[in-house]
Amino acid sequence: MNNRVHQGHLARKRFGQNFLNDRFVIDSIVSAINPQKGQAMVEIGPGLAALTEPVGERLDKLTVIELDRDLAARLQTHPFLGPKLTIYQQDAMTMNFGELSAQLGQPLRVFGNLPYNISTPLMFHLFSYTDAIADMHFMLQKEVVNRLVAGPNSKEYGRLSVMAQYYCQVIPVLEVPPSAFTPPPKVDSAVVRLVPHATMPYPVKDIRVLSRITTEAFNQRRKTIRNSLGNLFSVETLTEMGIDPAMRAENISVAQYCQMANYLSENAPLKES
């Protein structure tokens, strides 16, 4: 028996497809999402509708984004979901969530069992639309969830941690074993809730500057920031900001990264691209 086949559909490796089939896990995720009629619910990667069906039962309308044309066609003809669905057969990485929110007339509630091969770039894509998003619930590789929630002074803490926590409150919801999927992935999974901050705790003047600083610091995470960020900040400047130049990227808090970004925006702003 081919364990990549589920409900007659062959899971495609290039799309990173693993289909959720554990009823307890599904019910737990739907309870965490708590969908309500009238909300602008958007599912990324509905697949074989493991979450789509129980969420759709509670709603009059549901928007889904599915790259796989065969799965999109199955959803179109679904006996009870079909009429409720607005289906975008496209890559979520190309979706303008700001325009979608404007069309639906309210902030989006986004959820999904995300393909692990695109989960990190998709997170960064969604962060650029947090003004249009009320909250997000995602099934991800457990390692990615650990990175999203990590604090300074841990090996999981990295650029993804800083950028996620800059934009959102990040809350782990539950852990999910490989046995909950067909085919079983080789890694553990977890569900995370991301709620965009209503008021930014550490506002930055130019997000591109924060992105640049975190990229340069974490690309050389074993170096002290005196070296990894030496092209941007002098030792004196770091010391004036109360940041020890002997620290490494993983020792610096989100607030401190934002402080550095604002200093750079004021003193050496990036040119408009």
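Including glycine, each Cβ sits where the backbone N, Cα and C put it.
With Asn18, Leu20, Glu66, Asp91, Asn113 listed by Swiss-Prot as binding S-adenosyl-L-methionine, the candidate from Gly38, Gly45, Gly56 annotated for that site turns out to be Gly45. With every protein chain in view, the residue among the binding-site residues Glu66, Asp91 whose Cβ has the most Cβ partners within 10 Å turns out to be Glu66. The Cβ of Gly45 (S-adenosyl-L-methionine binding site) lies under 8 Å from the Cβ of Ile65, Glu66, Leu67, Ala92, Gly112, Asn113, Leu114, Pro115, each of these being in the same chain and 6 or more residues away along the sequence.
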